[in-house]
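Chemist: Shown below is the structure under consideration.
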Amino acid sequence: MEAALLSGFIKAILPRLFSLVDDKHKLHKGVKGDIDFLIKELRMIVGAIDDDLSLDHPAAAAVQTLCMEDLRELAHGIEDCIDGVLYRAARDQQQSPVRRAVQAPKKLQRNLQLAQQLQRLKRMAAEANQRKQRYTAAAPGQHGQVYSSAAAQVDEPWPSCSSASDPRIHEADLVGVDADREELLEQLAERQPEQLKVIAIVGFCGLGKTALAAEAYNRETGGGRFERHAWVCAGHRSAREVLGELLRRLDADGRSFHGDSDAGQLCVDIRQQLEKNRYFIVIDDIQTEDQWKSIKSAFPTDKDIGSRIVVTTTIQSVANACCSANGYLHKMSRLDKNCSKQLLSKKACPERYSHYKQPDSAAILKKCDGQPLALVTIGEFLQANGWPTGPNCEDLCNRLHYHLENDKTLERMWRVLVRNYTSLPGHALKACLLYFGMFPSDHPIRRKSLLRRWLAEGFVEPLSSSSNIDSTAAFNVLMDRNIIEPINVSNNDKVKTCQTYGMMREFISHMSISQNFVTFFCDDKFVPKYVRRLSLHGDTVVNGDNFNGIDLSLVRSLAVFGEAGTTVLDFSKYQLLRVLDLEKCDDLKDDHLKEICNLVLLKYLSLGGNISKLPKDIAKLKDLEALDVRRSKVKIMPVEVFGLPCLIHLLGKFKLSDKVKQKTEVQEFLLKGKSNLQTLAGFASNGSEGFLHLMRYMNKLRKLKIWCTSSAGSTDWTDLREAIQQFILDEKEANIGTRSLSLHFSGCSEDAINSLKEPCYLSSLKLHGNFPQLPQFVTSLRGLKELCLSSTKFTTGLLEALSNLSYLQYLKLVADELEKFIIKVQGFPRLLRLCIVLQYPTFPVIEEGALPFLVTLQLLCKDLHGLSDIQIECFKHLQEVTLHSGVTPATRQEWVKAAKEHPNRPKVLLLKSVDTAESEHTDVDSVMEAVKSETTEYSIAPEGPEQVNNKMQLDHGLESSSVLNKQNNFADQSSSKDQLHYSFNNMGLSDVSCCE
């Protein structure tokens, strides 16, 4: 594990080492020679590490660990050297010519120090390489390697299971699975349709997928419903091995099986065994789509027989592939509080203590996070440590990340976590996962902010290439593998906030500490060695004594949650910071900004606390890519910000300075088209700012949010109209990409909007204001896929005009009421998601055959009565219905009944809104509560009412596939009940895609 992460880190710093050879740094010839040596040496080290990783087993654990420590120290030393040169070069560029002349002697001295530093690094590289060769060569074994049980623990695959029972989870451990089991058994027994049906069970490791499949298998094999049945494990096996095992189980006599048969022949033999028989096959732990593609051709698809295949997998895209045609996808959910407590108590408390008052287990239940395997193994661990009379949960929790790796009782849980980590393809994904350690365990993490921080750290690239992954792709892979979970998902199916599971968080903490990846200061727990990423959270204020001997100048990332103290907030001690997250720092003040503006390598900056004004010196941050002031009190954005050459994302709600009316360097910068700004979300305007003239020169702007504010002098909105017109102008390019506009125009004249003209292009539009008719430019928009409108009332004419938007995929309407309107067969031909939020239940009439591709329907009105004449059986692709949580129980029951009678059996969900429609500072605005359509009882908020407004998450999970693999043809997915599972972030308008 350490080797892979280190190899990736060295690969990441090599390009920066190359940059030092560039003539612009004016290094001495001898210094350049030393840098060339280090480049070649690091390449060889990376090659040696990659060779070790490519073998079937790692090198001797002790030697390998020491070698990795040597190389990590070397790599960090090289990175410090590189960034030190870049830092000094950036500071020199900001000095006047006179100042640079005065500093010339000091520069010569620095060059001498650099030469000495490079010589030291050369010696370190040579010595580390020699030690590695000397001691690994001395270790006997295959390929000159030695193996240990500790190393084998990491890479040894799961034992293949030869029966239907899961060797890791006994039947006695099954708690809270009744509803899942009944749903699965119903899918197996369902007679319509009669052709082959594939049921995919998907979820994070340890949620009980195999145990659930085993429950169904054991019941069905004894029932006589199926003529042939078999169970095989696919984990860590080739398709040929899986097919061979399956054939052995089907052919009791062994006459059909030949050990030298290839996959194609095995498929033929299996088909002969299964043809014209009703069969039930379980394939446990499928890991790739290619593996499934090679296996599935072995199964006959005879009609009028009704065979069933159940597959289990941890990977969402694999589950989607398995049940893409006539399939059913079952997403595993975690146990609720009561079931979690029951399972933990069963495993932790010996029978002789059944009447003993058990200690408070809240802390350990939070760590287990409803994961059955975690509850079982932690329960056994507690019992081994004397529960309930021994140490309390709090004490054991504090060192749980240590016990995970070192305690035999927790070995099963540790192996699951290690497997998830080591299976990630490439070093970048491992670094991205470990970066979650920067956040407190119960802190929702904003996806876009996270991606920008990954970019600032250099883990990923802005765009994918043959050798590097981009930030969005990295996030999607982690989602696809169910390693991270979405908490809050916007109406248009975009993940807004996420977090990791409880035990995965413990694993990340352990790995981050052991790899010196993140240093934590949390409730007085501080492990100083050298600090590259520093995260402070808890109620403890850091004072100077805590930081004795710690060099803060090497910190690359700093995040503060709570109070930091004067020592941490002394930014004169930092030099190499790239990421600075202070939006939740309680003791941040305007005075701190002076030194922050000297952090010339800074790429990501988020501010909160009591910050009310940005200084002009922010212009020094030439490398800054993202500036987020949404949680601050900044009301005026200094014009100097718009002159930052690397700035891509500017977030907040601010007014713009009028100083650009005067000729300035910023104005000249913008006029030359040098701005890289892509996101401006957003600013408040009264239509008269001189800045609006310059927006036309922001050629790369892709996301714009504007609040129109009325004032005494705001009678002429010409400048604002022209700025918007320029932004939406259609250049008639084949692929413009995404372009989003969010416009709150209640404070300005409607003429400013109605006078916008074609040709125009937007992919997403949000309009908030009063408009009796649809603005003309909306109907002429090319590329419009997402539209969100908010007004007091929508007229029939406006609604009919909307139905002609032929490319619209998502529509959200928020109003008090709608005039009478019929959605006809020809209307909204490509609409996938429809959300209507009303005060009064004036929903439209939907003709039979209309909305042919609708996947999700959200009817959010607490006074909704029954089905409101909406016949959901007409929506052939419907996967989900969402209602306001305030509807009556009778209305809920009607929708549950209708959903159960629908061929797709769509989910029925309740949305409980939080009144934060216009809040720019709310991480999570709402909570989705699932109603299990299989029962008459509503499983609403199983985590208890006290957590509804805190955790804000889906108890029944959600499919990351919708983020990863957008399917254009939903016809292939019509029978997959849980293929797309969404949540929505509030009933207001701040969730549309053009908003942050």
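Positions of Cβ are set from backbone N, Cα and C atoms, glycine also.
If you look up Swiss-Prot, you'll see 111-138 marked as coiled coil. As annotated by Swiss-Prot, domain 'NB-ARC' applies to 180-462, with the evidence given as sequence analysis. Taken from Swiss-Prot, the feature region 'Structured coiled coil (CC) domain' covers 1-176, and the record attributes it to an author's statement. Annotation source Swiss-Prot lists repeat 'LRR 1' at 481-503, citing sequence analysis. What Swiss-Prot lists as repeat 'LRR 2' is 504-528, and the listing cites sequence analysis. If you look up Swiss-Prot, you'll see 529-549 marked as repeat 'LRR 3'. For 577-599, the entry in Swiss-Prot reads repeat 'LRR 4'. Per Swiss-Prot, the feature repeat 'LRR 5' maps to 600-621; the stated evidence is sequence analysis. Marked as repeat 'LRR 6' by Swiss-Prot: 622-644. Taken from Swiss-Prot, the feature repeat 'LRR 7' covers 698-722. What Swiss-Prot records for 759-781 is repeat 'LRR 8', and it gives sequence analysis as the kind of evidence. What Swiss-Prot records for 782-804 is repeat 'LRR 9'. Per Swiss-Prot, the feature repeat 'LRR 10' maps to 805-830; the stated evidence is sequence analysis. The repeat 'LRR 11' annotation in Swiss-Prot covers 851-874.
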Chemist: Mean pLDDT across the domain 'NB-ARC' (180-462), rounded to an integer, is what?
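Modeler: Within the domain 'NB-ARC' (180-462), the model's average pLDDT equals 87.
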Chemist: Counting by DSSP secondary structure, give me helix, strand and coil numbers for the repeat 'LRR 5' (600-621).
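Modeler: Split into helix, strand and coil, the repeat 'LRR 5' (600-621) gives 5 helix, 4 strand, 13 coil.
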Chemist: Can you name the far-off residues of the same chain, 6+ from the ends of the repeat 'LRR 11' (851-874), with a Cβ under 8 Å from a Cβ of it?
Modeler: 491, 823, 827-841, 843, 845, 880-888, 890-891, 894-895, 898-899, 901-903, 906, 911, 913, 970, 980, 982, 984, 987
Chemist: Near the repeat 'LRR 8' (759-781), which residues from the same chain, at least 6 beyond its ends, have a CB less than 8 A from one of its CBs?
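Modeler: Same-chain contacts beyond the ends: 492, 725, 728-732, 736-746, 750, 753, 787-792, 795, 797-798, 801-802, 804-805, 989, 992-995.
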Chemist: Who are the long-range neighbours of the repeat 'LRR 10' (805-830) in its own chain, taking Cβ under 8 Å and residues 6 or more past its ends?
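Modeler: Answer is 491-493, 778-779, 781, 783-796, 799, 836-840, 842-853, 987-989, 992.
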Chemist: DSSP says what for the repeat 'LRR 8' (759-781): how many helix, strand, coil residues?
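Modeler: Counts, helix then strand then coil: 4 helix, 8 strand, 11 coil.
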Chemist: By DSSP, how many residues in the repeat 'LRR 4' (577-599) are helix, how many strand, and how many coil?
Modeler: 7 helix, 7 strand, 9 coil
